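This report refers to the structure that appears directly beneath it.
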Amino acid sequence: MTILPKKKPPPPDADPANEPPPPGPLPPAPRRGAGVGVGGGGTGVGGGERDRDSGVVGARPRASPPPQGPLPGPPGALHRWALAVPPGAVAGPRPQQASPPPCGGPGGPGGGPGDALGATTAGVGAAGVVVGVGGTVGVGGCCSGPGHSKRRRQAPGVGAVGGASPEREEVGAGYNSEDEYEAAAARIEAMDPATVEQQEHWFEKALRDKKGFIIKQMKEDGACLFRAVADQVYGDQDMHEVVRKHCMDYLMKNADYFSNYVTEDFTTYINRKRKNNCHGNHIEMQAMAEMYNRPVEVYQYSTEPINTFHGIHQNEDEPIRVSYHRNIHYNSVVNPNKATIGVGLGLPSFKPGFAEQSLMKNAIKTSEESWIEQQMLEDKKRATDWEATNEAIEEQVARESYLQWLRDQEKQARQVRGPSQPRKASATCSSATAAASSGLEEWTSRSPRQRSSASSPEHPELHAELGIKPPSPGTVLALAKPPSPCAPGTSSQFSAGGDRATSPLVSLYPALECRALIQQMSPSAFGLNDWDDDEILASVLAVSQQEYLDSMKKNKVHREPPPDKS
């Protein structure tokens, strides 16, 4: 078999469709063609390929993803983007699908502008016909958008007869997202910041007003897709590493199915995707939809999802919602009125939002108990203040009552003495009463409770038990005064001679008997337990001294005989 030399690359303005097909056979067999790719990728067909319609030799650019759903054609047909194989042709490997291909619905955008529907190519050679099945579809790079395919950068020349050139092989064998970063950066630079901001604001407002959804911003570090899914499943975007690890493990366990959608080596693809800064695409979305058994809805500047990925089993679980911004970044779309955290983790008897409701009930119960305890404490404080106020009022009433009783006793004593009482004795009694009143006021101010309990007229039981009347101030002073050394056996305190019957103390003996009786009583009955002994003695001695001097003067007057005038 003769191998012709490579054909020189045509100039950029040349039309490949007008070039005549070169003579010679095609290579006997291409390298393994990857299946219809959803994660973005090249055709993956090794040798030169011929388009039956155009007659152009060379690799075809990637095509958009096929629509999901029933396709026209007889039963058993591969897909509408696969052409019929001529009789006698040898068909290439056919992907075995275990679940629906991870692609959008018929209504979703299938590819970017200028993308054409892919088709299998048939090359006719001298030794036979070889068909390579699987012109793969690119849906974006590591952060490629949903439904947007990215064309692979190709060499200036087109593959010639006899197989692809080394330059072509080097460019065509790249991984699915080789043009992600340069193309995304170029698109972002070409956008007007004001327009982008206005569009983002409209998108967020439309979702909130029409659907009630809220867009949660994810960190732009290359793991935005996994962060958005982690926020939906675990409620914490920082668990994106766990989501990525589970997703990659799931892809490896189902490599026989997902490898048909990747043009590069599947192990190399998985190892690259395990890096935390590598973005995700539709392959990972389909894997996570199956892994968590929840649909994945993608929103892009619309209130309706532009793409939905379904799991193997249909259920009523809330879908995982993500939003796609500027063709390079994913955010999480949450429904604040319906809890979805924990759904899809396989937890038995798990009810979304039940934990929050339980915590809320416990918080309300604790708050109510704390409020009740606080109110009880306030009630106790108010009751204590009320009791203290009542006690103060009672003490004040008792004090005023006792002072009034003292005034009444003094008034009665004045009425009993009558106008014949000497002024000096009246002054002495008044001074004694004033001293007693001042002493009593001082005593009541120091110990009102004990005074009221012992000497107040509110306690008649004590006086009735002892068989005595409440002592008057004069009587108290008289009892405390020691007997006068000059008093013979009978003496008068306030008047002399004929006024003995009107005196409170007629003789010393009743006073001594009363004094002995009082000494047998407890001092607390008179409220004397809080008095200072020195002050009492000083007051009593002063009054006694004054009365003693007065009595001495009176006795001297009575004893001196009148001078004999004869």
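From the backbone N, Cα and C atoms, a Cβ is placed for every residue, glycine too.
As given in Swiss-Prot:
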type     : residues : note
REGION   : 1-117    : region 'Disordered'
COMPBIAS : 11-30    : compositional bias 'Pro residues'
COMPBIAS : 63-75    : compositional bias 'Pro residues'
MOD_RES  : Ser64    : phosphoserine
COMPBIAS : 84-97    : compositional bias 'Low complexity'
REGION   : 145-175  : region 'Disordered'
MOD_RES  : Ser165   : phosphoserine
MOD_RES  : Tyr175   : phosphotyrosine
MOD_RES  : Ser177   : phosphoserine
MOD_RES  : Thr195   : phosphothreonine
DOMAIN   : 213-336  : domain 'OTU'
REGION   : 218-224  : region 'Cys-loop'
ACT_SITE : Asp221   : active site
MOD_RES  : Ser323   : phosphoserine
REGION   : 324-329  : region 'His-loop'
ACT_SITE : His329   : active site
MOD_RES  : Ser332   : phosphoserine
MOD_RES  : Ser370   : phosphoserine
REGION   : 413-499  : region 'Disordered'
COMPBIAS : 425-438  : compositional bias 'Low complexity'
COMPBIAS : 445-457  : compositional bias 'Low complexity'
MOD_RES  : Ser447   : phosphoserine
MOD_RES  : Thr502   : phosphothreonine
MOD_RES  : Ser503   : phosphoserine
If I take the alpha carbons of Ser332 (phosphoserine) and Asp221 (active site), what is the distance between them in whole Å?
15
Same-chain residues at least 6 beyond the ends of the region 'Cys-loop' (218-224) whose Cβ lies under 8 Å from its Cβ atoms:
142-143, 231, 237, 240-241, 244, 276-280, 329-332
Reported as an integer number of Å, what is the Cα distance between His329 (active site) and Ser323 (phosphoserine)?
8
Which of the recorded positions Asp221, Ser323, Ser370 has its Cα nearest to the Cα of Thr195 (phosphothreonine)?
Ser323
Cβ neighbour count (within 10 Å, all chains shown) around Ser370 (phosphoserine):
10
Tell me which residues of the chain lie with their Cβ under 8 angstroms from that of Ser323 (phosphoserine), as long as they are six or more apart in sequence?
Phe203, Leu207, Ile215, Val298, Tyr299, Gln300, Tyr330, Asn331, Ser332, Val333
For the modified residues Thr195, Ser332, which one has its C-beta crowded by the most other C-beta atoms within 10 angstroms?
Ser332
Can you tell me the CA-to-CA distance separating Asp221 (active site) and Ser370 (phosphoserine), as a whole number of Å?
46
Which residue counts does DSSP yield for the domain 'OTU' (213-336) in the helix, strand and coil classes, in that order?
53 helix, 22 strand, 49 coil
For Asp221 (active site), the number of other Cβ atoms found within 10 Å of its own Cβ:
11
Tally every other Cβ atom lying within 10 Å of the Cβ atom of His329 (active site).
20
In this predicted model, what is the average pLDDT of the region 'His-loop' (324-329)?
89
When DSSP states are folded down to helix, strand and coil, where does Ser370 (phosphoserine) land?
helix
